[in-house]
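Beneath this line is the structure, given in structure tokens, with notes to follow.
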Amino acid sequence: MIYPTSFDVIVVGGGHAGTEAALAAARMGCATLLLTHNIETLGQMSCNPSIGGIGKGHLVKEVDALGGAMALATDIGGIQFRTLNASKGPAVRATRAQADRILYKAAIREMLENQPNLTLFQQPVDDLLIEGDRVVGAITAIGITFRAKTVVLTAGTFLSGKIHVGLENYTGGRAGDQAASTLGERLRELNLPVGRLKTGTPPRIDGRSVDFSVMEEQPGDTPEPVFSYRGKRAMHPKQLPCWITHTNERTHDIIRSGFDRSPMFTGVIEGVGPRYCPSIEDKINRFADKDSHQVFLEPEGLTTHEFYPNGISTSLPFDIQLAAVRSIRGMENAHILRPGYAIEYDYFDPRGLKASLETKAIQGLFFAGQINGTTGYEEAAAQGLLAGLNAGLFAREQEAWCPRRDEAYLGVLVDDLITKGVSEPYRMFTSRAEFRLQLREDNADLRLTEMGRKLGVVGDEQWDAFCRKRDAVEAEKARLQATWLHPSKLADPAALARVLGKPIEREYTLQDLLKRPNVPYRELMTVPEAADGAPELADEVAEQVEIQVKYQGYINRQNEELARRDNLEDIRLPGDIDYGLVKGLSKEVQQKLNQQRPETLGQASRIQGITPAAVALLMVHLRRGFTDAKTA
């Protein structure tokens, strides 16, 4: 049957990408349908019970700045919060939280059910409805046809998913869930560039069978960081510690004894796994000289005894898993609640996508998450929000949007995917960004919330709070720049000397004094003349003022570097350009450009094998008027 209501946007899949996509499209006012194989698993954390980390926390903050759900759900469900790299510069500081799986999933479910313009429906999707070169709907397993202007596909590991434990394997999207095999076969028929990747998860442990007294306790930070710009510390539930132990030589010997039954080493698994989250057997094989590896026991929640042993992801046979776990200090009597496993699944070459995450081959079809070759909840959520937002814009026949590399880690993520592709699951690191001094966690809202408001994904309450913060930061910076301290006019010169480490000998602005190393804003405000006329600032405002003042010189230099670049990002390449007509390009370069069809000269310049000389030839070609290149 054809469902009686048509939609602007259909989102297929209810994981981290799908939920953000559906919420974003609905926030814009688009009639949105979220199709999931099981409403009970919306927002489920399929692997580790944590959100954030280096690079990943930056993405979560950006999703939050654009009105997304992940950071807020983490504040509601987070049972341990830490700031990583706290002693380093603000560019690489990152928030990480352990989450109670049940609380996190419940928070996401509540947001979905209470979001205007969003309809939920439980049915697996077996096919896409395509007319010509455009998607116009989705067809479920029981034959219901839903029509829509756009479809966002966020299938995670479900497309032709196969689960491996030792040499035993079976089809599945994750443990306990069926794979989307029919949809996987249908997508392969569309001649989209497809490959196989794999990921894995460790065995889960019953905490009652663990001796924590011989392990190192790892508490969260006090006071606890708050993840969301809309979050409050009062939202946080009871906090729990993690625990650290280590593998040993006996563990490694046990694991090596199972290599002959490992699906990874026997060639049973075709897919490539994540480089930065390797299985324990892969670590022992690659780093044979190491006699131990860290294992973090992470609590799964407040109402369960289940623990996630981060660091021992495995697809080895269960007898090897059990023996290896019980060889680890503190886990000699451990009871495994769920076996570890690997899962391999289909992904599609992201070089077949536009920057909006719309497929180049099929109009109105957007991909987000692991289907694009990424790994991680955070990377999925960021793509989901962008795809949902752009699906909404497409449905309204408006121009697509994607941040640039110098504007957001989301821009770095998308640009890396669509220009370089992936040969292994892609995860975000701060080192991937050239302009990371500007792309900090603390200023994600200042970078993106104004654009989010224009696009319709940021609500009134968030916008009002953002405006108050932005205005308070600017007002205090102006006061610091306009306020002068003269040594002869200080009531207590020693007070300022204690803050600065030495007395001043001439007149300085407060801005000049705050620029000095080891002079915190709050300490400077203990000097009466500095605090005169100062407003009472919230911590996040004071932090932003201090960072902007201290790093403005470095940021200015980075901005100059940006300005010196040729405006390659603004020069669009027509979709119908024939690179075979560009004089001077090698056959290899012509082939790569014709295959990948970059949207801008900037994208073209980052394709592997495209030289600066080739970019110069393209610019000459465009300037001669062979094609009509429009400035973005």
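Backbone N, Cα and C atoms are what each Cβ position is placed from, and that goes for glycine too.
When Cβ atoms from all protein chains are considered, those within 10 Å of Gly14 (FAD binding site) total 28, not counting its own. What Swiss-Prot lists as FAD binding site is Gly13, Gly14, Gly15, His16, Ala17, Gly18, and the listing cites sequence analysis.
According to Swiss-Prot, the feature NAD(+) binding site maps to 273-287. Taking all protein chains in view, 18 other C-beta atoms sit within 10 angstroms of the C-beta of Lys283 (NAD(+) binding site). When secondary structure is read from DSSP and collapsed to three states, Lys283 (NAD(+) binding site) falls in the helix class.
Among the binding-site residues listed (Ser279, Asn285, Phe287), Ser279 has its Cα nearest to the Cα of Gly13 (FAD binding site).
Other Cβ atoms within 10 Å of the Cβ of Ala17 (FAD binding site), summed over all protein chains shown, number 34. Neighbour counts of Cβ atoms within 10 Å were compared for the binding-site residues Ser279, Asn285, and the top value is held by Ser279.
Under a cutoff of 8 A between CB atoms, and with a sequence separation of 6+ in the same chain, the neighbours of Arg275 (NAD(+) binding site) are Glu424, Pro425.
The Cβ of Cys277 has fewer other Cβ atoms within 10 Å than any other of the binding-site residues Gly13, Gly15, Gly18, Cys277. Between Gly15 (FAD binding site) and Gly273 (NAD(+) binding site), the C-alpha separation comes to 20 Å. Counting every protein chain shown, the number of other Cβ atoms lying within 10 Å of the Cβ of His16 (FAD binding site) is 34. The Cβ of Phe287 (NAD(+) binding site) has His293 as same-chain neighbours under 8 Å, each 6 or more residues away in sequence.
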